[in-house]
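Taken from Swiss-Prot, the feature active site, proton acceptor applies to 42. Taken from Swiss-Prot, the feature active site, proton donor applies to 153. Per Swiss-Prot, substrate binding site is recorded for 65, 66, 67, 68, 69. According to Swiss-Prot, the feature disulfide bond maps to 50-110, 64-121, 82-136, 89-98. Residues annotated as C-linked glycosylation site in Swiss-Prot, with similarity to another entry given as evidence: 34. The N-linked glycosylation site annotation in Swiss-Prot covers 86, 92, 111 and rests on sequence analysis. Marked as 3'-nitrotyrosine by Swiss-Prot: 60. Among the features that Swiss-Prot reports, signal peptide is placed at 1-27, with the record citing similarity to another entry.
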């Protein structure tokens, strides 16, 4: 009986650990609105190598981010996608604030390959042209006033 109880307690602790990791991935730095954080993480008009580009994201986190996608387009172009028809978010079916880009854009997918020490994160880069799906919300007072609805989350690429 004791080994089973001990094993189940470990499983519960592991589950809470995994949930806290997942929740921590959703945390943004307080000084940014969700749209500003989206822009930092996902908008890159001129492609850079991932190891360099990811420094701008990792400086706000206590660890190397495992993966990230940069859209090579402008924030204004992504804001325009927010005007497309609402769809259920492919990665979170409980949300209906997603929008399909309708056109492919060049993008870079970054994947952590090297040491996970924050001062020395190393990434591989994969280039592609793909559609994307973003979640959009009403603007925060810190967001540009010309955009009443802004992108806040890159849900998926297709």
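Placed from the backbone N, Cα and C atoms, the Cβ positions cover glycine too.
Overlay of Swiss-Prot feature records on the structure.
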{"residue": "34", "record": "C-linked glycosylation site", "DSSP class": "helix"}
{"residue": "42", "record": "active site, proton acceptor", "DSSP class": "helix"}
{"residue": "60", "record": "3'-nitrotyrosine", "DSSP class": "coil"}
{"residue": "67", "record": "substrate binding site", "DSSP class": "strand"}
{"residue": "89", "record": "disulfide bond", "DSSP class": "strand"}
{"residue": "98", "record": "disulfide bond", "DSSP class": "strand"}
{"residue": "121", "record": "disulfide bond", "DSSP class": "coil"}
{"residue": "136", "record": "disulfide bond", "DSSP class": "strand"}
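When the neighbouring Cβ atoms lying within 10 Å are counted for each of the recorded positions (34, 60), the highest count belongs to 34. When Cβ atoms from all protein chains are considered, those within 10 Å of residue 69 (substrate binding site) total 18, not counting its own.
Each of the recorded positions 66, 67, 68, 86, 92 was ranked by the number of other C-beta atoms within 10 Å, and first place falls to 68.
In the three-state DSSP reading, the residue listed as 'active site, proton donor' counts as strand. Reduced to three states, the DSSP call for residue 50 (disulfide bond) is helix. For residue 69 (substrate binding site) paired with residue 42 (active site, proton acceptor), the C-alpha to C-alpha distance reads 6 Å.
Note on residue 111 (N-linked glycosylation site): other Cβ atoms within 10 Å of its Cβ, all shown chains, come to 12.
Relative to residue 67 (substrate binding site), the recorded positions with Cα atoms inside 10 Å are 110, 111, the candidates having been 86, 89, 92, 110, 111, 121.
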